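S.K.: If you scroll down you'll find the structure; I have some questions about it.
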Amino acid sequence: MKCRIINRSGNELPAYATGSSAGMDLRADIAEPLEIKPLQRAMVPTGIFIALPEGTEAQVRPRSGLAAKYGVTVLNSPGTIDADYRGEVKVILVNLSDTVFIVNPGDRIAQMVIARYEKVEWEACDSLDGTSRGEGGFGSTGM
């Protein structure tokens, strides 16, 4: 799938790390290091602007290494970038650790997955089909 992109950062374009990668790394487009204190959040610019085909979205997701090693994740994960959005792609990072986290210029801060979606047309009704699960949720199938 071809998508148009404007790159106003000094970083390389988002790219897949391996042939089977679903996500492309997003990098911080900042002039100097950014400090995120414990339990604080920051909106980090990427310097990229994208145009997606109708029927697709970009999902901004955490990088597992940042979450596992530093307790830093994407706050609104997954963040959705709609096909008609033309502003800069930004990432809301949150530091869930007890130590300051530093984002340096060009750091890989999140990953972006392009996904197709379906639109639904709601059909109002008075009951739903029964299933073996029923209304069970929130751990009802075991831990």
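Placed from the backbone N, Cα and C atoms, the Cβ positions cover glycine too.
Got these off TrEMBL a minute ago, pasting:
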| type | residues | note |
| --- | --- | --- |
| DOMAIN | 12-142 | domain 'dUTPase-like' |
| BINDING | ARG63, SER64, GLY65, ASN76, THR80, ILE81, ASP82 | substrate binding site |
S.K.: By the DSSP assignment reduced to helix, strand and coil, which category contains ASN76 (substrate binding site)?
M.R.: coil
S.K.: Average pLDDT across the domain 'dUTPase-like' (12-142)?
M.R.: 96
S.K.: Name the secondary structure element type, per DSSP in three states, that contains ILE81 (substrate binding site).
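M.R.: Assignment for ILE81 (substrate binding site) reads strand.
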S.K.: How many other Cβ atoms are found within 10 Å of the Cβ atom of THR80 (substrate binding site), counting all protein chains shown?
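M.R.: Around THR80 (substrate binding site), other Cβ atoms within 10 Å: 12.
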S.K.: If you draw a 10 Å sphere around the Cβ of ILE81 (substrate binding site), how many other Cβ atoms fall inside it, taking every protein chain shown into account?
M.R.: 19
S.K.: Over all shown protein chains, what is the count of other CB atoms within 10 A of the CB belonging to SER64 (substrate binding site)?
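M.R.: Result for SER64 (substrate binding site): 10 neighbouring Cβ atoms inside 10 Å.
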